[in-house]
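Let me begin by presenting the structure, written as structure tokens, before commenting on it.
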Amino acid sequence: MIELQGLSQRFPGGSGEVHALRDVSLSIGAGEVFGIIGRSGAGKSTLVRAINLLNRPTSGRVIVGGQDLTALDNGALRLARRDIGMIFQHFNLLSSRTVFDNVALPLELAGKTKSEIEATVLPLLDLVGLSVLKDRYPSQISGGQKQRVGIARALASKPKVLLSDEATSALDPETTRSILDLLKQINRELGLTIVMITHQMEVIKQVCDRVAVLEAGRVVEEGRVIDVFLRPQHEVTRAMIGDVIAQELPESVLKRVESRLGNGRDHVYRLAFTGEGVDQPVLAQAIRRYGLDFNILHGHIDEIQGQAFGSLAIMATGELADVKAAMEYLQQQGVVVEEIEHVV
């Protein structure tokens, strides 16, 4: 559905050119919810604005629905953009227009008749849960409701792609969850391809199928969300996952562990389970099979896209050969095993 091929974006700066994007290539499938995450200044917003050519890339190609947007003239590009809706952190509603009229605005600009507008807007307001508020003004509704208006307005032209640029970052956690649930519903019911730009790994965890991690304008990691959580490869990814799932041992645990390491019999590991592995007694089986003692130091169970995800930090006590064999056994059972060589 969306192909980004070798995108680079350079801007003039006070001390030379600023490289906002560096050779970014991504493939996003039709009907997919794809997340793009990174820290501030990583190039996320520049990238999402390149998808609909609000920012024309310095080099590279943007292909949406088989059409190379970078090759279009201005008139053809305006038509192509009708297939791409966009929502923002700031709602950008017109204060003098009602909820209904804000959603209707792009249809009015497209020259639709009053009956055509009504036939489109009313079902959209029902979809986003705002039918009873259609005659209210932006000053009379909440932030979450304003974002729902923004979503309905973005859907008014019946796009095939919805771009979300930090759309929940100004909302409280409860409202954020409700907006993410709405986006999942829209994806499910309309088959819409959604690209989520965010700095919050919690958003990625809740709604996305796949994710790309940006750092300094480059894609440093990409994959299914569950796989990225299980096996983060880049330090930026590990740090951002740590914001939602504790990766470090608590200080009180570190003090107890430190005194026992180095004796040759105690080894600390981080174990990650997913799916059916969360429900299986694999630790008990390893203890019985290899005659070891396992001390659980820290644990966490969560859910990613409806799939159970568990993380444990354990201290395994026993002969080194037996400990290694037990870890290999756990890996054979689908457990991701990482030895924590330095805990302090």
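Heads up, the Cβ atoms here are built off N, Cα and C, so glycines get one too.
What Swiss-Prot annotates here:
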- Gly38, Arg39, Ser40, Gly41, Ala42, Gly43, Lys44, Ser45: ATP binding site (BINDING)
- 2-241: domain 'ABC transporter' (DOMAIN)
Cβ neighbour count within 10 Å of Gly43 (ATP binding site): 23
Rounded mean pLDDT for the residues that make up the domain 'ABC transporter' (2-241): 93
For Arg39 (ATP binding site), nearby residues of its own chain (Cβ under 8 Å, 6 or more apart in sequence): His199, Glu215, Val236, Met240
Those residues of the chain, 6+ apart, with a Cβ under 8 Å from that of Gly38 (ATP binding site): Lys44, His199, Val213, Leu214, Glu215, Val236
Those binding-site residues listed as Ser40, Ser45, and which of them has the most Cβ atoms within 10 Å of its own Cβ: Ser45
Mapped DSSP class for Ser45 (ATP binding site), helix or strand or coil: helix
Around the Cβ of Ala42 (ATP binding site), the count of other Cβ atoms that are within 10 Å: 22
Beyond the site residues Gly38, Arg39, Ser40, Gly41, Ala42, Gly43, Lys44, Ser45: chain residues whose C-beta lies within 8 Å of the centroid, for ATP: His199, Leu214
Fewest other Cβ within 10 angstroms of its own Cβ, chosen from the binding-site residues Gly41, Lys44: Gly41
